[in-house]
Amino acid sequence: MSEGPKKRSGSSSSSSGGRSLSEPAESPSVTGKDEGESSGVGLKKQIGLVSACAIIIGNIIGSGIFVSPKGVLENASSVGVALIVWVTTGLITAVGALCYAELGVTIPKSGGDYSYVKDIFGGLAGFLRLWIAVLVIYPSNQAVIALTFSNYILQPLFPSCLPPDSSLRLLAAVCLLLLTWVNCHSVRWATFVQDVFTTGKLLALALIIIMGIVQICKGHYHWLEPVHAFETFRDYDVGLIALSFLQGSFAYGGWNFLNYVTEELVDPYRNLPRAIFISIPVVTFVYVFANVAYVTTLSPQELLASNAVAVTFGEKLLGVMSWIMPISVALSTFGGVNGSLFTSSRLFFVGAREGHLPRVLAMIHVTRCTPIPALLFTLITSLLMLCTSDIYTLINYVGFINYLFYGVTVAGQIVLRYKQPDLYRPIKVSLVWPVIYLLFWAFLLVFSLYSEPVVCGVGLAIMMTGVPVYYLGVHWEKKPQCFNITIGKMTHLCQKLCSVVYPDMGGNLEPHSPPKEDGVGEMDAASHG
């Protein structure tokens, strides 16, 4: 990795030359060969409130609620406890999102928890968050969602058998290529696709919920009556119920993705928290009532036996129109791939801007203002994942690490309160909320370590491979001159091929705060080294 853009120090920084937490890193601007000149090109604020909600909802609601909500039910041991788990995890997700809302307007930078962890806990901690995301989390998730999309598209062509694996991977690759092109072409096109497909999946889920309400009106609510709802199909077990909560929490994954694109939000200080406060309750409502609808038609045994609950549900109630459900799953996953590409490319873009990834990934197209190198990097890593046979194993290994950093980020909110109590916060939530989130998070984390020590250990080992990479690629500043020259030539070649330059970040990261007095608001944020 090459030397990243330098950071400037505040006028009254800490002893180690820190900068304001909300002050942007100074990015060199390059136009053609003229380094140091302002390109006048920057990320545009084009994401309004509706698109912001679509990003959150579209990233949370993937194929899971259509395909396999049985993970929660299987471990909860009864319908009643499963519904309680869905409601509780939705509430806890809302608490975590509330904490992220404060961090998002206090540190108004894209990159989400990577940016927050880096600024609060230092460069190494931030790099490890980025490393595990670059190495496994985003490429594997995007590959799996694309494979799910291709499976539901091809299934009607192979009614009596499974589609060929090569066909699945080829169509998944086409899906990734198409959506990468859309995201490279225009931010407006990408958000339009997200809006349309999020609306489509919500309409499909609304159909499921309405059918459930009709079933209840017809008297089909056997498994919703308290005497039957808590009828167990296996003995209650504290460990299994904890695993049920863990499954529920993973189902809400993606609630923090809007924080990755803060700099492209129109009026982020209003729209970031608004989008969060609208989206999380909507998702919780949809998840709970979709599960209620399922049990009005399917018994717990039928639900657990189904590989695609929504499809089975549709076959029972929709008759000749049952094709709606597999199409809905395909459309949902298509939108999920788009949202994941959009947000993950911004994470890699910010990582490069901070000097933690090759600098070329911090460039944007001169006219389209899209981070084309970061998008292409995301595409390539996802396509490589399609070539492996152990995608699901990798996801299991790093799922624990992903959840680990949620807690680290929320803990950072408390640390920041004590380090900089006078830092301007447009939103300031009671510290009771991060404490509640951390208690729930610690419970799930301890249980994960206890129940699956090998999986968690491998995940930690994968993350720790980033330590030598950090010290060799980022911390080591005096690299051989030939290395720097080679990287510079490669960067310049990529600039020519993609018509990209370093963005002018002057207007995007201005903190929404009163003038600083006596150094208030300065802290020793992590440098790139």
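Cβ coordinates are placed from backbone N, Cα and C, and glycine is handled just like the others.
Just so you know, TrEMBL annotations never went through curation; they're auto-generated.
Per TrEMBL, the features are as follows:
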type     : residues : note
COMPBIAS : 10-24    : compositional bias 'Low complexity'
COMPBIAS : 513-529  : compositional bias 'Basic and acidic residues'
REGION   : 1-40     : region 'Disordered'
REGION   : 510-529  : region 'Disordered'
TRANSMEM : 47-67    : transmembrane segment
TRANSMEM : 79-100   : transmembrane segment
TRANSMEM : 120-138  : transmembrane segment
TRANSMEM : 166-184  : transmembrane segment
TRANSMEM : 196-216  : transmembrane segment
TRANSMEM : 236-255  : transmembrane segment
TRANSMEM : 276-297  : transmembrane segment
TRANSMEM : 317-337  : transmembrane segment
TRANSMEM : 372-394  : transmembrane segment
TRANSMEM : 400-418  : transmembrane segment
TRANSMEM : 430-451  : transmembrane segment
TRANSMEM : 457-474  : transmembrane segment
**Contact between the transmembrane segment (47-67) and the transmembrane segment (196-216) (at least 3 Cβ pairs under 8 Å, separation 6+)** = yes
**Asked** Where else in the chain does the transmembrane segment (79-100) make close Cβ contacts, counting only residues six or more beyond its ends and a cut-off under 8 Å?
**Response** 72-73, 112-113, 223-224, 226, 228-231, 236, 241, 244-245, 248-249, 251-252, 255-256, 259, 276, 280-281, 283-284, 287-288, 291-292, 295, 300, 406, 409-410, 413, 429, 433-434, 436-437, 440
**Prompt:** With pairs 6 or more apart in sequence, are the transmembrane segment (457-474) and the transmembrane segment (400-418) linked by at least 3 Cβ pairs under 8 Å?
**Reply:** yes
**Request:** State the non-local partners of the transmembrane segment (120-138) in its own chain: residues 6+ outside its ends, Cβ under 8 Å from one of its Cβ atoms.
**Result:** 113-114, 340, 344, 347-348, 351, 354, 356-357, 378, 381-382, 394-395, 397-398, 401-402, 405, 408, 412, 415-416, 419, 462-467, 469-470, 474-475, 526-529
**Complete:** Given the transmembrane segment (430-451), its same-chain partners at Cβ distance under 8 Å and 6+ residues beyond its ends are 92, 95-96, 98-99, 239, 242-243, 245-246, 249, 400, 403-404, 406-407, 410-411, 413-414, 417
**Item:** the transmembrane segment (236-255) versus listed stretches 166-184, 196-216, 276-297, 400-418: most Cβ pairs under 8 Å
**Value:** 276-297
**Tertiary contacts of the transmembrane segment (196-216) (same chain, 6+ residues out, Cβ under 8 Å)** = 53-54, 57-58, 61, 65-66, 224, 282, 286, 289-290, 292-294, 296-297, 310, 313, 317-318, 324-325, 328, 331-332, 334-335, 338
